[in-house]
Amino acid sequence: MWAVLRLALRPCARASPAGPRAYHGDSVASLGTQPDLGSALYQENYKQMKALVNQLHERVEHIKLGGGEKARALHISRGKLLPRERIDNLIDPGSPFLELSQFAGYQLYDNEEVPGGGIITGIGRVSGVECMIIANDATVKGGAYYPVTVKKQLRAQEIAMQNRLPCIYLVDSGGAYLPRQADVFPDRDHFGRTFYNQAIMSSKNIAQIAVVMGSCTAGGAYVPAMADENIIVRKQGTIFLAGPPLVKAATGEEVSAEDLGGADLHCRKSGVSDHWALDDHHALHLTRKVVRNLNYQKKLDVTIEPSEEPLFPADELYGIVGANLKRSFDVREVIARIVDGSRFTEFKAFYGDTLVTGFARIFGYPVGIVGNNGVLFSESAKKGTHFVQLCCQRNIPLLFLQNITGFMVGREYEAEGIAKDGAKMVAAVACAQVPKITLIIGGSYGAGNYGMCGRAYSPRFLYIWPNARISVMGGEQAANVLATITKDQRAREGKQFSSADEAALKEPIIKKFEEEGNPYYSSARVWDDGIIDPADTRLVLGLSFSAALNAPIEKTDFGIFRM
């Protein structure tokens, strides 16, 4: 009956009551409209977005090959499973693996290709427990740590700490990449921080499990040594602070890697390792048993309802949004294709309407959604602040859908207090302790990025679509600002500034902003947690909210709001 009622209410029905009990019941009006699939605009949008999605999938498949066929063949010849095979054998059969930061290191080091940053990170279910998995890819530079490798691992550990996810380290690395050691070793957020994080998480009862499946040298030896429990593969895994060449150089002693730091030594004599494994398969089997013995049970601070598919196909997002950021679209149409039953209870629908706020569910989890439908005015910012406060009071996780050029500017709006109203929203988002997830579906510019929970505001996860752009402002806007400043300066100096001069000034600025605002530029530097196919959005968000709810929701305290 309810399914029939929901269909009858499509889209956003505002029918007159049929009787005194017309508004009773649990039904919520469905959101969204059926697009004209045959229209020229829809077809053009679909084609452009589909091309970006195809490019995304091609690049992901290339990254999955790691260091290439030769390196993979050498790895296999040593009796090892490939890193992705290790993960497949570790997680529960048929369960998804939410891979993070796939494009870390993409085109970052000029001619040095470091697919995935030489490490695979992501969330998978192991013996029924959602875990953060961090796996070195020894096919990429022997698993050596580049600066971006460290940054990617630190981000994975940050996610694990925020969401209380047990960490499983599949170790197979030669340690720091020495030619870039200055950017790997000495600073606060360099390699040493990974061990600091291990210690802190262990102290907070967030399990740290290491599986030594290859080399574990120098500082890397602390990964298993600092783990709560570890496993080592015989005649394959090694743990030592100094390898055979360094031992010989320092002491003159000649010793094999196995005798210096192999499974027999560490399981029978040193006590550094806890479990001895025959091979990779056996090690992963033992790891699943270790997780089973964590005695962990997920406790939720939210209500759960049965999951329902949206009423509209996910790939319609291609035709609705497209790749041209200058074309507007209603964010409600995006919401309709990611939430359960396409049902959305909008909050303050007629006030501050350039910001859409409301309640929905994704895979049964309650979510408060904040989505952009244009530039932010004072009314929009105050509405957003009010809604964030509501969600914090009710322990409802927040989802931010960013497509924002920023806050409104101009004398009229400054006089009305846009600065203090925008500050309210920024402060509310910063202080919110409920799980926050951000998805950039279009532009992410200027202070709008802050108000909509950009990276600096610690969302538990931040994803980006392949059409999106992130920058302090658009390239043309930046070029116009700098051209105006230059023109005024030349005028004060009594010099000419011709249209040709202006064009010559603007061209490299626009090009630079376009390059640096590209999602691949962002993802290469781990400014986000991954570029995702819009059609996969619902699944990615569902897995992310599920992971985030492993941690208890803390009480939110707000500071002073300037009234």
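Each residue, glycine too, has its Cβ placed from N, Cα and C.
Remember, predicted model here, so these are calculated numbers, not experimental data.
Over in Swiss-Prot, the protein carries these features:
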{"type": "DOMAIN", "residues": "49-306", "note": "domain 'CoA carboxyltransferase N-terminal'"}
{"type": "DOMAIN", "residues": "309-555", "note": "domain 'CoA carboxyltransferase C-terminal'"}
{"type": "MOD_RES", "residues": "LYS70", "note": "N6-succinyllysine"}
{"type": "MOD_RES", "residues": "LYS70", "note": "N6-acetyllysine"}
{"type": "MOD_RES", "residues": "LYS141", "note": "N6-succinyllysine"}
{"type": "MOD_RES", "residues": "LYS495", "note": "N6-succinyllysine"}
{"type": "MOD_RES", "residues": "LYS495", "note": "N6-acetyllysine"}
{"type": "MOD_RES", "residues": "LYS511", "note": "N6-acetyllysine"}
{"type": "REGION", "residues": "49-555", "note": "region 'Carboxyltransferase'"}
{"type": "REGION", "residues": "343-372", "note": "region 'Acyl-CoA binding'"}
{"type": "TRANSIT", "residues": "1-22", "note": "transit peptide"}
Site of maximum Cβ density within 10 Å, from modified residues LYS70, LYS511: LYS511
Averaged pLDDT score, the region 'Carboxyltransferase' (49-555): 96
Separation of alpha carbons, LYS70 (N6-succinyllysine) and LYS141 (N6-succinyllysine) (Å): 12
Least surrounded among the modified residues, given as LYS141, LYS495, when other CB atoms within 10 Å are counted: LYS495
Distance from LYS495 (N6-succinyllysine) back to LYS511 (N6-acetyllysine), taken between C-alpha atoms, in Å: 26
Alpha-carbon distance [LYS495 (N6-succinyllysine); LYS70 (N6-succinyllysine)] in Å: 61
DSSP three-state assignment for LYS141 (N6-succinyllysine): helix
Residue counts (helix, strand, coil, in that order) that DSSP gives for the region 'Acyl-CoA binding' (343-372): 0 helix, 20 strand, 10 coil
Collapsed DSSP category at LYS70 (N6-succinyllysine): helix
